[in-house]
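All remarks here apply to the structure that follows.
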Amino acid sequence: MAASAEKVADTVIVGSYVEMETEGKPKSVKSKLSKFFWDGGSAYDAWFSCASNQVAQVLLTLPYSFSQLGMLSGILFQLFYGLLGSWTAYLISSLYVEYRTRKEREKVDFRNHVIQWFEVLDGLLGKHWRNVGLAFNCTFLLFGSVIQLIACASNIYYINDNLDKRTWTYIFGACCATTVFIPSFHNYRVWSFLGLVMTTYTAWYLTIASFLHGQVEGVKHSGPTKLVLYFTGATNILYTFGGHAVTVEIMHAMWKPQKFKAIYLYATLYVLTLTLPSASAVYWAFGDMLLNHSNAFSLLPKSPFRDMAVILMLIHQFITFGFACTPLYFVWEKAIGMHECKSLCKRAAARLPVVIPIWFLAIIFPFFGPINSTVGSLLVSFTVYIIPALAHIFTYKSAAARENAVERPPRFLGGWIGSYTINVFVVVWVFVVGFGFGGWASITNFVHQIDTFGLFTKCYQCPPPPPPMVFNTTSAPAPIHHPHPHRP
């Protein structure tokens, strides 16, 4: 029965999604070249998209999390949440395949329509699940876009500090708004590849530069010292491996979505080769200094290699902004009835209002680092951990649903009983540790940042300006003035 169901999935789900393409015309060299760079739908494209999207600006805040957690806890939490994230990404992918297979058996055509997570929940579990999933997903992706914008301003400041970070946020907000012209994840092929190259360079720059710099004089590695800091660091790592809120959109852009299964796990394994060495090396070199420097660039000496890393991360953050914002564009298009419009320019114009609140929120809360933990505990915990695990449990709670499932849980994990056990563990752990303790810690830290720097702060964690030069007028007696006798 499992084999026949899988065969049905293979025959039904063939990736019929085609957007803004011209069919039935002979392909010129130009069109073939355009397709090579622009039209991605293979398993490799999905892997690049997952790996590139999973680690972006958070690469620069993980050393900060290590200073809060300590070296051992930092490494263990990365491994743990990497596996947890891979499991829930697998759940999302299996629910997507289930939903799409059912719909395509009913002859539903998804041409020029991108399936999204809230639609999967609606089709499998009803409108209440849809509403909850839509609220959490949109809010998380909104703040995910905000974080990328904040990171752009934070990074460029280390190359050019003639402008404050708030001004740089204005500038990069306008730059990131150009992502409205990228139709879908189908068109991120070259960007995903370049994005992963950029984060790979940055991660190894952080690692090598930290070892060459060596440990600062009197370096201390005292973490963990406070529960607030400990759980704040843990929720930042929860956020790091919670980048699969766009899993459904990435799968929908694939020619054969059923091949996604373990792609996110493979992407996570590669990402760990970047995050573990870089975070460990920077924390080894600078220790507790990182507690007051959430951006790793701020402690490394200025050099052409650091400038290159900053520039590459800026470009990558533009790409990741697009990854986070594109699902929001889709939701907005569907709300105003523009989603199936074939004019790219009309859709781009319709998408622009989505960027405005992102721009505004980045100016209000420019707290690079602490905002990651807050978003991780309050939004990521539900969006990509708790809701997918519960949705999988309730979708297959009946014997008939399990018998007719398109995608069955792996046997080596215990089949349905094993998946149910893992899902319950995910829900309990993330709710108690991620949302409960993590929420308390991250909100406490976030409020502390507001009290310290204030909302709309002009330049978050910028070094204070040098004091004005004051001439010492008391060190020498003033010269005696002798009047000229011949002057009237």
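Cβ from N, Cα, C; glycine included.
Heads up, TrEMBL stuff is auto-annotated, nobody curated it.
The annotation domain 'Amino acid transporter transmembrane' is assigned in TrEMBL to 40-430.
Distant neighbours of the transmembrane segment (75-97): 9, 13, 50, 62, 69, 115, 117, 120, 124, 233-234, 237-238, 240-244, 247-248, 251-252, 257-258, 260-262, 264-265, 268-269, 271-272, 275-276, 279-280, 384-385, 388-389, 391-392, 395, 406-407, 422-423, 426, 429-430; these residues of the same chain sit at least 6 beyond its ends, with a Cβ under 8 Å from one of its Cβ atoms. As annotated by TrEMBL, transmembrane segment applies to 75-97 (among others).
The transmembrane segment annotation in TrEMBL covers 134-156 (among others).
Under the heading transmembrane segment, TrEMBL lists 168-186 (among others).
Taken from TrEMBL, the feature transmembrane segment covers 193-216 (among others).
According to TrEMBL, the transmembrane segment annotation covers 228-251 (among others).
Taken from TrEMBL, the feature transmembrane segment applies to 263-286 (among others).
Marked as transmembrane segment by TrEMBL: 308-332 (among others).
Long-range contacts of the transmembrane segment (352-369) within the same chain: residues 57, 61, 64, 142-143, 145-147, 149-151, 153-154, 165-166, 169-170, 173, 176-177, 180, 236, 294-295, 325, 328-329, 332, 446, 449-450, 453, 455-457, 460-461, each at least 6 residues beyond the stretch ends and with a Cβ under 8 Å from a Cβ of the stretch. The transmembrane segment annotation in TrEMBL covers 352-369 (among others).
Feature annotation from TrEMBL assigns transmembrane segment to 375-396 (among others).
Annotation source TrEMBL lists transmembrane segment at 417-440 (among others). Through the fold, the transmembrane segment (417-440) approaches residues 84, 87-88, 91, 227-228, 231-232, 234-235, 238, 373, 376-378, 380-382, 385-386, 389-390, 392-393, 409-410 of its own chain, all at least 6 residues removed from its boundaries and within a Cβ separation under 8 Å.
Here the transmembrane segment (228-251) does not lie next to the transmembrane segment (193-216) in space: the count of CB pairs under 8 Å, restricted to residues six or more apart, is fewer than 3. When Cβ-Cβ distances below 8 Å are used as the criterion, the transmembrane segment (263-286) is approached by residues 43, 46-47, 50-51, 54-55, 59, 62-63, 65-67, 71, 74-75, 78-79, 82-83, 85-86, 89-90, 93, 199-200, 202-204, 206-208, 210-211, 213-216, 219, 221, 240-241, 244, 247, 293, 296, 299-300 of the same chain, each at least six residues removed from its ends. When Cβ distances are compared across the two stretches, the transmembrane segment (193-216) makes no contact with the transmembrane segment (168-186), since fewer than 3 pairs at least 6 residues apart fall below 8 angstroms.
Sequence-remote contacts of a segment are chain residues at least 6 beyond its ends whose Cβ falls under 8 Å from one of its Cβ atoms, and for the transmembrane segment (375-396) they are 84-85, 88-89, 91-92, 94-95, 98, 121, 124-125, 129, 132-133, 136-137, 139-140, 143-144, 147, 235-236, 238-240, 242-245, 402, 405, 416, 419-420, 422-424, 426-427, 430-431, 434-435, 438-439, 441-443. Outside the transmembrane segment (168-186), and at least 6 residues removed from its termini, the chain residues within Cβ reach (under 8 Å) are 17, 19-20, 39-41, 49, 114, 145, 148-150, 152-153, 156-157, 246, 249-250, 252-253, 314, 318, 321-323, 325-326, 329-330, 344, 347-349, 351-352, 354-355, 358-359, 362-363, 366.
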